[in-house]
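**Q** Please see the structure below; I have some questions.
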Amino acid sequence: MSAEGYQYRALYDYKKEREEDIDLHLGDILTVNKGSLVALGFSDGQEAKPEEIGWLNGYNETTGERGDFPGTYVEYIGRKKISPPTPKPRPPRPLPVAPGPSKTEADSEQQASTLPDLAEQFAPPDVAPPLLIKLVEAIEKKGLECSTLYRTQSSSNPAELRQLLDCDTASLDLEMFDVHVLADAFKRYLLDLPNPVIPVAVSSELISLAPEVQSSEEYIQLLKKLIRSPSIPHQYWLTLQYLLKHFFKLSQTSSKNLLNARVLSELFSPLLFRFPAASSENTEHLIKIIEILISTEWNERQPAPALPPKPPKPTTVANNGMNNNMSLQDAEWYWGDISREEVNEKLRDTADGTFLVRDASTKMHGDYTLTLRKGGNNKLIKIFHRDGKYGFSDPLTFNSVVELINHYRNESLAQYNPKLDVKLLYPVSKYQQDQVVKEDNIEAVGKKLHEYNTQFQEKSREYDRLYEDYTRTSQEIQMKRTAIEAFNETIKIFEEQCQTQERYSKEYIEKFKREGNETEIQRIMHNYEKLKSRISEIVDSRRRLEEDLKKQAAEYREIDKRMNSIKPDLIQLRKTRDQYLMWLTQKGVRQKKLNEWLGNENTEDQYSLVEDDEDLPHHDEKTWNVGSSNRNKAENLLRGKRDGTFLVRESSKQGCYACSVVVDGEVKHCVINKTATGYGFAEPYNLYSSLKELVLHYQHTSLVQHNDSLNVTLAYPVYAQQRR
């Protein structure tokens with residue numbers, strides 16, 4: 001039997017003070033039985049004003065706790081059918097003062113957050129944090145059609161959920177967990193992030209721009225622009241995209257799970273935005289944005305399901321001239337762990353039928369992505385792996401990725417999808433890359449390196465100047481909006497004063513006319529005109545400020561446009577510069593000479609002060625190779641060490657290693673790939689025959705060529721000093 005109840009959302013964190021209380025975290029959803037309010041003497045309508053009720057007794061749907069919580073800490077959402085609890089009487093009790101928003105955010109971060117920031121959890125080409133991917137995949141596998149998904153609380157308490165989230169992702173097995181526990185862990189994950197998926201700065205901007213936006217579609221375009229701002233890490237946008245895909249998938253089976261776009265947006269917009277100061281009107285705007293994103297954005301992009309493949313024709317080495325027994329690492333078209341952006345670059349302006357294979361961005365072991373050129377566009381096709389078999393869709397019939405690719409080099413992919421009537425004709429070979437370096441002697445190549453590096457630095461400075469203008473203009477726009485709001489309030493006060501004076505002036509003017517007191521009449525009229533004149537001045541000032549704001553908003557958009565136009569040039573210049581640098585490095589050019597061409601101020605060969613290369617501690621692998629140590633142990637080993645101190649360990653990614661190095665006082669981590677061509681940090685730099693050879697090279701070559709934030713060499717093995 002169900003009873004009528006009410007739903008509330010927590011606006012602030014609250015730490016329970018008595019045994020009968022429950023904790024509140026920002027965004028928690030709570031339900032209160034109507035009968036419990038009636039028993040306390042409250043009538044219909046008062047439920048919408050929890051701050052006037054005082055203390056409420058209810059159920060926290062997010063944490064699974066039941067008890068008392070302060071009405072000043074929550075906002076009313078609406079009515080809901082619930083299972084009736086037994087209300088318990090309680091003596092009168094004073095309410096705590098609701099904290100200010102700024103304090104709440106800080107407290108929330110300290111008390112609730114146990115997860116690192118999204119920018120620290122993953123990096124492109126990954127599409128989302130590994131832990132989030134695991135949770136979503138497990139939920140979709142177990143509960144896609146569950147009619148109580150995300151609305152029924154499991155028996156797990158917050159501490160147990162946090163313990164689950166703290167587990168090592170690689171070894172985490174979610175098969176044993178009930179779907180409702182997984183759903184609670186999913187919501188707890190979103191709550192425990194130090195910053196919401198849609199940052200507060202974006203939410204604030206969305207709400208402040210509300211008067212200028214005409215439709216929800218404009219809101220969505222504005223959201224995309226704000227969250228893609230250079231000041232916000234790209235991981236936030238990727239995570240939002242991943243979550244929207246999950247919500248869309250749920251909404252596709254809403255006839256069974258009852259989770260349509262509206263319900264999902266009401267459930268998750270508080271967790272995605274986490275914006276406590278929004279009015280009910282603004283909250284509805286934010287809910288509507290998520291609803292439209294779920295129901296339209298992904299509905300348009302979702303591809304039609306793939307047709308089941310026909311049984312493959314038997315192929316042999318004899319009749320197709322291809323070797324199905326070749327290892328994947330040796331295949332010229334297999335590029336390993338490269339990003340989608342790099343793939344797009346390699347396939348740009350190529351003929352239909354051009355293809356390559358890379359590791360799938362989901363990082364599920366054995367899954368890959370085939371990227372194929374068709375109709376002038378890149379088509380991404382997932383290669384699945386299960387029970388030792390590979391294929392594009394069930395049933396998986398190929399024994400290896402090589403066998404699968406070789407099959408479709410002879411047969412059209414129309415067997416798999418009628419719209420893909422093309423064969424895999426032209427592999428993009430990792431062994432035959434375009435020869436960017438045309439010059440044939442070291443001095444000539446060095447001069448070209450200097451030219452490209454100079455162009456790159458000029459473009460970088462131009463981009464930095466634009467970014468400073470972009471930030472300054474954004475701040476000025478915000479200040480002008482605040483000033484306009486202040487003008488509006490001032491005008492409102494003056495107009496009210498003017499109306500009051502006008503009302504009373506009529507009475508006094510009539511009185512003074514009867515008395516023949518012309519002086520007082522003139523004084524009243526003068527004061528009234530003075531007040532009207534002041535209002536007119538303020539209105540003019542506001543109008544001028546609004547005109548300035550429009551001009552500055554146009555300038556802001558123009559700066560944004562110019563920044564976006566410079567980005568491709570920056571990427572291309574850096575890529576070309578790095579290829580020249582790699583060519584010179586392979587020819588054995590010393591860092592001193594490279595510094596001269598790169599225009600670095602400190603061109604002295606710092607390594608000439610060190611003993612001969614043979615005396616370097618790097619030759620002893622025990623000084624830097626720590627074996628199967630994990631990320632946390634690596635950070636503990638390197639904490640407090642000087643810049644350039646490093647170690648190499650086995651990576652959680654099978655067959656690879658990780659380098660951990662101190663940069664600007666912080667420990668950074670980067671993957672070392674192991675490929676058919678050798679070890680390296682990225683294609684086409686995977687050239688070193690051993691880890692030792694790679695370490696010796698980067699002992700005098702900066703890692704900055706692979707990552708702008710890693711301007712450091714592998715100078716000091718972590719155990720070197722202890723062994724001296």
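Including glycine, each Cβ sits where the backbone N, Cα and C put it.
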**Q** Test of record reading: of Ser113, Ser505, Ser608, Ser629, which one does Swiss-Prot tag as phosphoserine?
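**A** The phosphoserine feature in Swiss-Prot corresponds to Ser608.
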**Q** Among Tyr467, Tyr580, the modified residues in question, whose Cβ has the most other Cβ atoms within 10 Å in this structure?
**A** Tyr580
**Q** Work out the three-state DSSP category of Ser154 (phosphoserine).
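**A** Where Ser154 (phosphoserine) sits, the three-state DSSP reduction gives coil.
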**Q** Counting by DSSP secondary structure, give me helix, strand and coil numbers for the domain 'SH2 1' (333-428).
**A** 21 helix, 30 strand, 45 coil
**Q** Which number gives the other C-beta atoms within 10 angstroms of the C-beta of Ser154 (phosphoserine), all protein chains shown included?
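**A** Looking across every protein chain shown, the total is 17.
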**Q** Need one number: mean pLDDT over the domain 'SH2 1' (333-428).
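**A** Summarising the domain 'SH2 1' (333-428) by its mean pLDDT gives 85.
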